[in-house]
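Chemist: What TrEMBL records for this protein is below:
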type	residues	note
ACT_SITE	112	active site
BINDING	9, 111	Mg(2+) binding site
DOMAIN	5-193	domain 'UmuC'
SITE	14	site 'Substrate discrimination'
């Protein structure tokens, strides 16, 4: 079966995630239902709009505009400062959930990712019904909505997710391009920025369809190699791949908010093992090895502590990461009830360029072969095809 890609995009991510946090803290008004925005410093009235509610959009407020301009359009606009640490936590929760559906998750930014579609074990569903199931699961479990685009390559899946919002699933298969994509303004095409759009419009190219039917040599004469790339994209061709690795180059991590406070070491270690496996999979997918690892602990009173250390040699192996996280956890944990656990790797390096330690070359080679075998099985049969015995004890 030809690979099907999903592109999952959180609707108004920063605003939605902030709304969930405020409601959990006792806020009686859902900021998604009033003119509200995320951004800037309210006391100093500076900065720009990072996200806005649908009611705020009705006032003409746009993402990226100065807060002072937004307040002129809507003096009653409620502005909340961003909490990027919390946003990363929400993003990781979504990635964790998605990994229960597919072993191949590729983060693209904090609020969007690509996912290879893996049919459910019971079979019988279409990609659309599977995507709707995932969309509803995210909404019910995490409290925010997403759009999901479906296609045979990442480009078209991403374009599809930008169709009508919010909380919807759209397809954009190659045969649907003339009806669904070509009528759109050329500025809506992925990788067509303001400058490129102005150049194209001066050439009389108004729609994506116009671009698709333009001689590529005309485009390259005005836009160099970028002209060739966007011509390919206008025709649904992904000869120049969407690079999912560049957005996670500085570090790869995962965290999870626990359903109930953890007070026992064994329970905490089981969570750390799951996180280590998740991060290990992402490192392998990105073809990276980690040289540094950090463990974060958030207690029930919302206080946070983190502890990090450098690995003896860069690694992407789950068992190696787990051993380090356990050591860091044991050194950092005060014994207080734990609300959240997270691990993050940094000092990444290309896996192919990593020189293995002279004394553990044989062991590393065995672990790498084992990891690859597990990845292949999970990719073919689903994430739950193979699970550790320690995860089965409480099932």
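Any Cβ shown, glycine's included, is placed from N, Cα and C.
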Chemist: Measuring Cα to Cα, how far is residue 112 (active site) from residue 9 (Mg(2+) binding site) in Å?
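Modeler: On Cα coordinates alone, these residues lie 4 Å apart.
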Chemist: In whole Å, note down how far the CA of residue 14 (site 'Substrate discrimination') lies from the CA of residue 111 (Mg(2+) binding site).
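Modeler: Between the alpha carbons of residue 111 (Mg(2+) binding site) and residue 14 (site 'Substrate discrimination') there are 8 Å.
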Chemist: Give me the long-range Cβ neighbours of residue 14 (site 'Substrate discrimination'): same chain, 6+ apart, Cβ under 8 Å, in sequence order.
Modeler: 38, 50, 51, 82, 87, 111
Chemist: Where does the residue listed as 'active site' sit in DSSP terms: helix, strand, or coil?
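Modeler: The three-state answer is strand.
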Chemist: For residue 9 (Mg(2+) binding site), what residues in its own chain, 6 or more apart in sequence, show a Cβ-Cβ distance under 8 Å?
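Modeler: Looking at Cβ-Cβ distances below 8 Å from residue 9 (Mg(2+) binding site), excluding near sequence neighbours, one finds 111, 112, 146, 147, 148, 149, 158, 161, 162.
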Chemist: How would DSSP class residue 9 (Mg(2+) binding site) in three states?
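Modeler: Its secondary structure by DSSP: strand.
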Chemist: Have a look around residue 111 (Mg(2+) binding site) and count the other CB atoms within 10 A of its CB, chains all included.
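Modeler: So the number of other Cβ atoms within 10 Å of residue 111 (Mg(2+) binding site) is 22.
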Chemist: CB neighbours of the residue listed as 'active site' within 10 A?
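Modeler: Total other Cβ atoms inside 10 Å, all chains included: 20.
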